[in-house]
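Encoded as structure tokens, the structure appears first; notes follow it.
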Amino acid sequence: MCADTTAETPEYKDTLNLPKTDFPMRAGLPAREPQWLERWEKIGVYDRLREKQGRAPFTLHDGPPYANGHLHIGHALNKTIKDMIVRSHQMMGFDARYVPGWDCHGLPIEWKIEEQYRKKGKSKDDVNVVEFRQECRRFAEGWIDIQREEFKRLGITGNWADPYVTMDYHAEAVIADEFMKFLMNGTLYQGSKPVMWSPIEQTALAEAEVEYHDKESFTIWVKFRAVNSGDLDGAQVVIWTTTPWTIPSNKAVVYGKDIAYGLYEITGTPEECWASVGDKYILADKLADDVMRRARLDPDMYRRVGDVDPSQIGGLTHPLHGAEGGNGEWDDIRDFRAAEFVTDTEGTGFVHCAPSHGMEEFELYRDLGMLEQVITYNVMDDGSFRADLPFFGGKYILSRKGGEGDANKTVIDKLVEVGGLLARGKIKHSYPHSWRSKAPIIYRNTPQWFASVDRPVNDGQDSYGKTIRERALTSIDQLVKFTPQTGRNRLYSMIEARPDWVLSRQRAWGVPLTCFTRKGALPTDADFLLRDPAVNARIFAAFEAEGADCWYAEGAKERFLGNDYKADEWDQVFDVLDVWFDSGSTHAFVLRDREDGTADGIADVYMEGTDQHRGWFHSSLLQACGTLGRAPYRNVVTHGFTLDEKGMKMSKSLGNTIVPDEVVKQYGADILRLWVAQTDYTADQRIGPEILKGVADSYRRLRNTMRFMLGSLSDFTEADRIEDPAEMPPLERWVLSRMAELDEQVRKGYAGFDFQGVYSAVFNFATVDLSAFYFDIRKDVLYCDGDTTRRRAARTVLDLLFHRLTTWLAPILVFTMEEVWLERYPGEGSSVHLVDFPETPASWRNPQNESNVARVRRVRRVVTAALEIQRRDKVIGSSLEAAPVVHVEDAETRALLAQIDIDDLCITSGLTVSADPAPAEAFRLPEIEGVGVVFEMAEGEKCQRCWKILPDVGRHAHAGVCGRCDAALG
């Protein structure tokens, strides 16, 4: 603020209390943030927080990212939300611990090492398994180091010096021990059922390892001839499938009890057609016309002969029945029966059953006790047909690169040759793919190890149910809170409907299934599995000391079995555990076993993306219910996916990816963190260049607010403080009331993980209530008053605001609030992250005062709008040139205005409140009734110090100033 000067008038600028601060308006975050990271490490902020005594523990348990590749924007979102949860709870008085972790075993790393081998012309099979596992370990270690630094650069606090990793020896020992609890409690069994199988990676996959993409598939309509069916003998049941490769494994056809079927006779055919005149087809009536159209048959080329009761059909012959060279492979009669899962919404109204490749068919024949008659083993690990399968031996369902193999075409050609095909086509549909290789998967019956979710768990922990499923569902109902609440239903429905858990993988890099099976025994035999606590204890001790590699060492079987068992009577299992069992066991080796874990092995919060309802939330729940008897968490918090600015999924091919490292280099990590705080993370979020520009603009506005406070508090001391709010003007008491209200909002928001709500409330308060209103009004007092009560009150309020705004925003803007804090408290060990949210007295709340100020602000809006017209028309240059007359109809409002300095609030040199009706020419705002403003110029001279135009300017000891400024000059 400068004053006009003349030769006779002194320069008063140096007498003003102008803000003084070295806090720069330009943040320079990319360059400066690393300095604060170094400082925090030097002064040991995380460890010093752990030294605070008497605090209730709060534990957010980290869902481990995979130790493979640089961070993507989803990682940044995830870890930033976690960091805000941890920091805010620490500042609310908890001992908020955070142990970051990494998931290290599994297919993605194996795949990378195998890729390296392939480039060198080598195969994994050429290398000793322990040597291969060591290469996988080194690969994971390298990426852990890289990702750790990338996470730290985002300002994520935590025990980075001692994270948990699932390949640590202790972790591997506990994972094996948790598995052996399933072995001992009766839920582990070996079974054979269709599982999702990746021919490319040659292993079973969990649902969480599968993603769905559009795929073009062959679709065929195939004829099965009825036999032992009386008048229907020779008629053909038509099935439809999108997996022609499963036809050689067909064992049955099923129909729906409530579907109407008809017999259709072919009366004519076009030139190119696989139907013949006189053929009779059995079809669902609702689908018959569609099937005929697919077979190129016009409506006048077929007729409906009559109804068909499918229960009268005694059996079917396979289309390859009696085929020359078939060696009798398909010559037995195919079963034909009703099934609940058959519909007439698409296809033919019949379903071809290959129970080795479909779960519904498998379960149907399992429940009938007929599995032995219908299970085939035609498809090998690599997705090829067994070598001795007639016509198709050695044919691949998928090529080695994951493309279409030669199996489907070969099957279709053979069906054409034997007259078994009615129609063919292509269909584009959503199809499961391996999330790692991106290649399609198949369903394939293989021997696997399962954890039963419905067998009683014999561990004496039945408070929440006797089975894993019961315990999980009861935990969801009674023990776990969900944010957002929709996550509850999603997880519940998944657990309610899920099959048994496939634990085994046919891979090398993982924790092995540490169990032994008796040679010659069947999986259903009571002594099939060795259940011996002494053997288990030896395994655990060895893994603890040497890691899981010792399972593969020479003589391992003899070592673990000990002297009580003959090694040649037992087989050692070499499958490895599903990696979701690894991460699902973290409650044991992190929460239970670490000093910075939890007393009961249960976390306050698990927080991950919404895909983890079928991933980590899911596997952790199942695993803990099998060993703890209940869920391992009290709160499940879920975030959505990150999309580009147009709401499109990010992909390298579209060129719309946002890389966290690039954002940090351009804007700084605080801008990325602020984006997280501004968004509703519970839904899908959007990010892109324009969105980030908007975030940076919001940041600058907040930074400007903090800079103003720092400048105005440059020489503030305790002697300046006014302790009793009653001694303050109404405007300051209003700010105190708003602070108390906001303190409650902030604490409630942080406790409920509502960062968008916290940020929105604080940002609006800082920019609307403070910068655009309170600061704007009080600049005159702060700059021009002497040692007055109202200036002391304003600075007291600024100090109180400073301590609250910096701490409230510290969990979000970790770097900037540290910079702001150190500007006032630059001590060597000082940090905003070492303090708590200040206690804010509830007595500050004054709803009546808030209501009064709201009324005043409505009047002020009309005055400000009226003056803006005068400024626009160049009648005035500043509002201080005005002294308007404000006509207020409401007597209560007039009385309120009489109690305050309304001209100061409107930033005018004078203002008259009138009870007279407003004249016609008065300015009004339609949304604010009963207030009219008549513009008047201020009378008097311009004070050369405060710039107000007042009648008394020039009548005091100091030349060219008003009475207030004269008193300030002394």
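Placed from the backbone N, Cα and C atoms, the Cβ positions cover glycine too.
Since the structure is predicted, the reported quantities are computational estimates derived from the model, not experimental observations.
According to Swiss-Prot, the protein has these features:
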BINDING   E608  L-isoleucyl-5'-AMP binding site
BINDING   K652  ATP binding site
BINDING   C943, C946, C962, C965  Zn(2+) binding site
MOTIF     65-75  motif ''HIGH' region'
MOTIF     649-653  motif ''KMSKS' region'
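In this structure, the CA atom of C943 (Zn(2+) binding site) is 64 Å away from the CA atom of K652 (ATP binding site).
In the three-state DSSP scheme, C946 (Zn(2+) binding site) falls into the coil class. Listed in sequence order, G63, N78, G615, W616, F617, T638, H639 are the same-chain residues at least 6 apart in sequence whose CB falls under 8 Å from the CB of E608 (L-isoleucyl-5'-AMP binding site). Packing around C965 (Zn(2+) binding site) is summarised by its Cβ count: 26 other Cβ atoms lie within 10 angstroms of its Cβ, all protein chains included. Compute the center of the Cβ atoms of C943, C946, C962, C965, which mark the site for Zn(2+); besides them, the chain residues with Cβ within 8 Å of that center are C784, Q944, R945, W947, K948, L950, V953, V961, G963, R964, D966. Secondary structure from DSSP puts E608 (L-isoleucyl-5'-AMP binding site) in a beta strand. In sequence order, C943, R945, C946, K948, L950, D952, V953, H956 are the residues near C962 (Zn(2+) binding site), counting only same-chain partners six or more apart with C-beta under 8 A. Helix, strand and coil counts from DSSP across the motif ''HIGH' region' (65-75) read 3 helix, 1 strand, 7 coil. By the criterion of other Cβ atoms within 10 Å of the residue's own Cβ, the least surrounded of the binding-site residues C943, C946 is C946. Each residue contributes its Cα atom, and for C965 (Zn(2+) binding site) and the residue listed as 'ATP binding site' these two points are 65 Å apart. Predicted-model confidence for the motif ''HIGH' region' (65-75) is 94, expressed as mean pLDDT.
DSSP classifies C962 (Zn(2+) binding site) as coil under the three-state reduction.
Neighbour count (other Cβ atoms within 10 Å of the Cβ, all protein chains): 7 for K652 (ATP binding site).
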